[in-house]
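All remarks here apply to the structure that follows.
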């Protein structure tokens, strides 16, 4: 069965614009939804695993109903993609823990640092051309703003900034390495979504135990489960749904634009939405 979504060279601009817009919107909304979900369901490793489960199982089910097509699972391909899945999971895990210990503004500041890091890393390891001089100037201006935020942050905590550092490093590697995989592995978009989330789901139990979250969950269950209140259930479901959407738009957009442009795209609408007067978290809380 042919791939459901094709890139038509005659409509490349329209297709790329749609994919970039979809990814930016999902990125901005998911950041706020994840922060809200973590405040109501304080298990970041389990939340990440549920997102991966929803995405991989969702793609499999939709393919069974012939609503999409993904590449079949092959051990040889999984072996090649496994390192990318590890880096992806580390980035998501670090970001979720950052949101657990810091506000969303801190998360966006450190996300804003990654385009500069990705530009340098992409050039060093994938031999891509350096961005234009004005682009570099813009990226350094963003860096200056981030440094100013850290210096004046009254809510500074060592744990939060350690997770922020880990997130910055892992997301930089993830952006460049996954871009390399997307351009060379030959899977279709839904195939990347399926492999990435399925392999990440296999990794999840290790981090669940390593972080001690497994013990926390069992203690909570034995002491009387009080975590699945309706608002928490809705927040987790929204997080899983947008996890699937951002997986699709993310892999599709990676094929269309450079790693640096992709990184910038993930932060632009994210910042605009976070700084708007009525973020999603406050709207959901009132409900």
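Note that Cβ sites are derived from N, Cα and C of the backbone, with glycine treated the same way.
Pulled from TrEMBL:
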TRANSMEM  12-33  transmembrane segment
DOMAIN    25-224  domain 'Sugar phosphate transporter'
TRANSMEM  45-65  transmembrane segment
TRANSMEM  77-96  transmembrane segment
TRANSMEM  132-152  transmembrane segment
TRANSMEM  158-178  transmembrane segment
TRANSMEM  190-211  transmembrane segment
TRANSMEM  231-253  transmembrane segment
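Taking pairs at least six residues apart, the transmembrane segment (158-178) and the transmembrane segment (77-96) share three or more Cβ pairs below 8 Å and count as touching.
The stretches the transmembrane segment (12-33) and the transmembrane segment (231-253) are in mutual contact, each linked to the other by at least three Cβ pairs under 8 Å (pairs 6 or more apart in sequence). Counting Cβ pairs closer than 8 Å to the transmembrane segment (77-96), the top stretch among 45-65, 132-152, 190-211, 231-253 is 190-211. Same-chain residues lying 6+ beyond the ends of the transmembrane segment (231-253) with a Cβ under 8 Å from its Cβ atoms: 5, 16, 19-20, 22-23, 26-27, 29-30, 33-34, 36-37, 40-41, 47, 50-55, 58-59, 182, 189-190, 192-193, 196-197, 262, 265, 284-285, 287.
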